[in-house]
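Chemist: According to Swiss-Prot, the protein carries these features:
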- MET1: N-acetylmethionine (MOD_RES)
- 95-178: region 'Disordered' (REGION)
- 116-127: compositional bias 'Basic and acidic residues' (COMPBIAS)
- 128-139: compositional bias 'Low complexity' (COMPBIAS)
- 143-169: compositional bias 'Basic and acidic residues' (COMPBIAS)
- SER174: phosphoserine (MOD_RES)
- GLY248, PRO249, PRO250, GLY251, THR252, GLY253, LYS254, THR255: ATP binding site (BINDING)
Amino acid sequence: MNLAEICDNAKKGREYALLGNYDSSMVYYQGVIQQIHRHCQSVRDPAVKGKWQQVRQELLEEYEQVKSIVSTLESFKIDKPPDFPVSYQDEPFRDPAVWPPPVPAEHRAPPQIRRPNREVRPLRKDVAGVGARGPVGRAHPISKSEKPSTNKDKDYRARGRDDKGRKNMQDGASDGDILKFDGAGYDKDLVEALERDIVSRNPSIHWDDIADLEEAKKLLREAVVLPMWMPDFFKGIRRPWKGVLMVGPPGTGKTMLAKAVATECGTTFFNVSSSTLTSKYRGESEKLVRLLFEMARFYAPTTIFIDEIDSICSRRGTSDEHEASRRVKSELLIQMDGVGGALENDDPSKMVMVLAATNFPWDIDEALRRRLEKRIYIPLPTAKGRTDLLKINLREVELDPDIQLEDIAEKIEGYSGADITNVCRDASLMAMRRRINGLSPEEIRALSKEELQMPVTKGDFDLALKKIAKSVSDADLEKYEKWMTEFGSA
């Protein structure tokens, strides 16, 4: 694949669009989009493939803008009056027993010609007494493409659409037109909101930014990365895990692991919370859940991260459960099970994995626990993990030569990762607090940067440890360990 040719075609498409030659611009855009699509199929590196897909998406948006401009210009050439809303208030009262005046002959619709290959029903007008009638206007036959669609028709279309057809649309996008998620059957605002607020790219958190947790990293690589590298191996009984649940006390790195998955694995990352799938309208939340999973299958390979999943799918059958929340839970369970069933014999590189995190695993519904096949414990950092966390948090700060991070790691035993970060942050501010003590605001503003860049000492950590205590109790740790002994699946 000639990369220079791709760049040249993209440049020509943009130049023709700026000059107003939209037809030539659309031809170049279609060609470069097809070239990038073929190039992505030959790329094996997930990171490089993700960057090419992002470039392809940007060109696709430009192509859609040019296409909308062309359609707008074409609409000016059509001899058709604009459709204005009919105002019934200006119409005087009409007796229903009296027929309205006939439509002028020059405004009548042309007679429809019956063709032998298809049936066309003639346009019928109800001229009987029917209450108020709008002002007399030009009548047009309603073609098949202009037929108004009702909500019932949209629901039928959405219900009849299957995931395999959607996947073929994505893979077979050789014509350059079917390159974006088709939200037919759903509200356009819902689709745009999910694409704008949920799809996250490049959170800039890497595996090296997370200390310890080697078992969790290994499992996530096995569940997300390896199926993309070895698609022929992960088939049948070796199919990828469709659900992973991370359990542990607050501040141990569950959300950071999810961000690292989004950065390192090169998959589309959906970050879902309870507010994302909540709507005040009846039945809207269930549609959001279904739309989320359909978009995930379309943009596969995809990782759906549901943080604090106990707030969305808590135990069913309790006395304080609302009917609406029960319907949302049922739809979520159906879609999660459908993910595995739809992709069981498919290409593992087109997988959809649900990655969940919770601090209250004992409140999760039993059916959801079964669908989350891997349930791993994210514990408090070990002695080595605490030392690594100190090094990561203090890598941009100057340290005193006499300070020993191993000694500090022993003092912060029982602290979570978030607690250790707070200790490092507070200790790094101690020198600045001592320097500005007793100074006026003018004197503080006059201080140079070098005067504030003082090394962090062991005494600074001692003062910070006196102010900051651990946030996880021993009783909580016992509850997590007991639950993992009973339901863990690492």
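From the backbone N, Cα and C atoms, a Cβ is placed for every residue, glycine too.
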Chemist: Identify, in sequence order, the residues in the chain of THR252 (ATP binding site) that are 6 or more apart from it along the sequence and have a CB within less than 8 Å of its CB; answer 'none' if there are none.
Modeler: ILE378, PRO379, LEU380, PRO381, SER416, GLY417, ALA418
Chemist: As a test of the contact definition, list every same-chain residue at least 6 positions from THR255 (ATP binding site) whose Cβ is closer than 8 Å to its Cβ.
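Modeler: Correct list: ASP307, ALA357.
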Chemist: Determine which residues of the same chain, besides GLY248, PRO249, PRO250, GLY251, THR252, GLY253, LYS254, THR255, have their CB within 8 A of the center of the CB atoms at the recorded ATP site, and list them by sequence.
Modeler: ALA357, ASN359, ILE378, SER416, GLY417, ALA418
Chemist: Under 8 Å between C-beta atoms and at least six apart in sequence, can you list the same-chain neighbours of PRO250 (ATP binding site), or say none if there are none?
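Modeler: Non-local contacts for PRO250 (ATP binding site): ASN359, SER416, ALA418, SER471, VAL472.
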Chemist: Just jot down the residues in the same chain as LYS254 (ATP binding site), at least 6 apart in sequence, with C-beta under 8 A of its C-beta; none if empty.
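Modeler: For LYS254 (ATP binding site), the qualifying residues are MET246, GLY248, ASP307, ALA357, ILE378.
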